[in-house]
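Engineer: First the structure, then my questions, so here it is.
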């Protein structure tokens, strides 16, 4: 084992992609981060996104997938969710940088006169701002500890116009911090052509040539393929791309994303990187990860959880929710299969019965807008009347309150989000959100965002799940429960408002005490779930779902 260096020097690892998008750069980077963490190194991660939006907060979920919210209230790329889950640590908003943020800051500096009359250009001003944000990740954490490694994923594909400033900034970073402190990983596609029965290396060769043409020579290549890349082909790629053969990594499609760290370790990527960067290390501690993989591949139980959503045509729109459901399964030594249910199909009792009659638990996640709302409310009604375990998230809580109010006799109960003129606004716009909703203020970045505390009622279902009375969860919403209706709803159907903000003004948790498990939260607990440490609300949901399944089978 090598000895720690006397002077701390942070190393920077850049992950780029070529040939095609959606190759799994984020999962590759996350898995490498998990491996290096398991070797005792302090790792942090960052995503550079080459789109002009300041953040993904106002982007269509069908295009971008979910928006991942950090503790400090940043709306970020879904890859940050992978980073947090694989590293088992919280990241800040600094971990996601967009072209929109960079240009906004540079233009603001120009208006303030900070460039002293310079002609502001992509090089050096834009690239300098990008480098500043990369190097910012080297700052000490809350415990005063600096990272050993910063892994930065550069979004997009090599050759894209919009990615060029980020790639140039990465190239310059190598010059600024020293070549011995930088490691470039290029993720590339090796397609299999069925008619000829061949794996083709030419796309990777062209992709690496494009990368080299802008001054970046990759230290390692991660070859994505639907099968293992044989050694002779790896040797050919190493020769043609001028990469050490031990730096050519085969990464075939895996049955579970949680197998990828094992795949990269088997190919010795972590050992190769550590040697090249002269990092101190220990052997990989696989105990926790092996325990996870046993639960992934050899669960004792199975159940089906319905996810009733508006954006199910793109599963990435609910990525953290589905991973939290699966993690809840792992915590119960069970395989939780997700059944995707379009919310529109659950509007009627017959439709809900058809879609939800064979499931063991139901989740209604967050979302925006009126489309599909009555179907979500129908799913809530089905869960309540058929005593199916249920968890509502953000909008799911609001739908649960609307359904409860209607069941309590407030037949016109609705939300001002869906019906601004409703006579029974059981869900209403938060006071500080009125300007954004009316169009007088910006929509982007103005919601109630980030971690907020809540106080739970002693003896409540949620307090039992959390095993504490004080919790903190991440939020992303503009609407809240109208307190004027709380008592009427409780008296009418027995719904309990079991958790609020510390001042008691904002409803954070609700539940039916006499239901096997029917809970909802205004927060997004899925963001804090980890594969090795499931979120308590999802663990409790799966536990109740397994009991429901066993009771149904008797």
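Glycine is treated like the rest: Cβ placed from N, Cα and C.
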Engineer: Given that Swiss-Prot annotates 22, 23, 24, 25, 26, 27 as ATP-binding, name the residue from 77, 79, 118 that shares the site.
Structural biologist: 79
Engineer: Check Swiss-Prot: it lists 395, 396, 397, 398, 417, 478 as binding L-glutamine. Then name which of 367, 450, 504 it lists for that same site.
Structural biologist: 367
Engineer: Determine, using Cα-Cα distances only, which of these binding-site residues is closest to residue 205 (UTP binding site): 22, 26, 367.
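Structural biologist: The smallest Cα gap between residue 205 (UTP binding site) and any of the binding-site residues is with 22.
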Engineer: Which of 21, 201, 204 has the fewest nearby Cβ atoms, counting only those within 10 Å, among these binding-site residues?
Structural biologist: 21
Engineer: Determine the C-alpha span of the UTP site listed in the record, that is the greatest distance between any two of 21, 200, 201, 202, 203, 204, 205, 236, in Å to the nearest whole number.
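Structural biologist: Max Cα-Cα spread across the UTP binders: 24 Å.
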Engineer: In this predicted model, what is the average pLDDT of the domain 'Glutamine amidotransferase type-1' (304-551)?
Structural biologist: 91
Engineer: Considering all pairs of residues in 367, 395, 396, 397, 398, 417, 478, annotated in the record as contacting L-glutamine, what is the maximal C-alpha distance expressed in whole angstrom?
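Structural biologist: Site span for L-glutamine, by Cα atoms: 14 Å.
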Engineer: Name the residue among the recorded positions 25, 202, 236, 478, 524 whose Cβ has the smallest number of other Cβ atoms within 10 Å.
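Structural biologist: Comparing Cβ neighbour counts within 10 Å for the recorded positions 25, 202, 236, 478, 524 gives 202.
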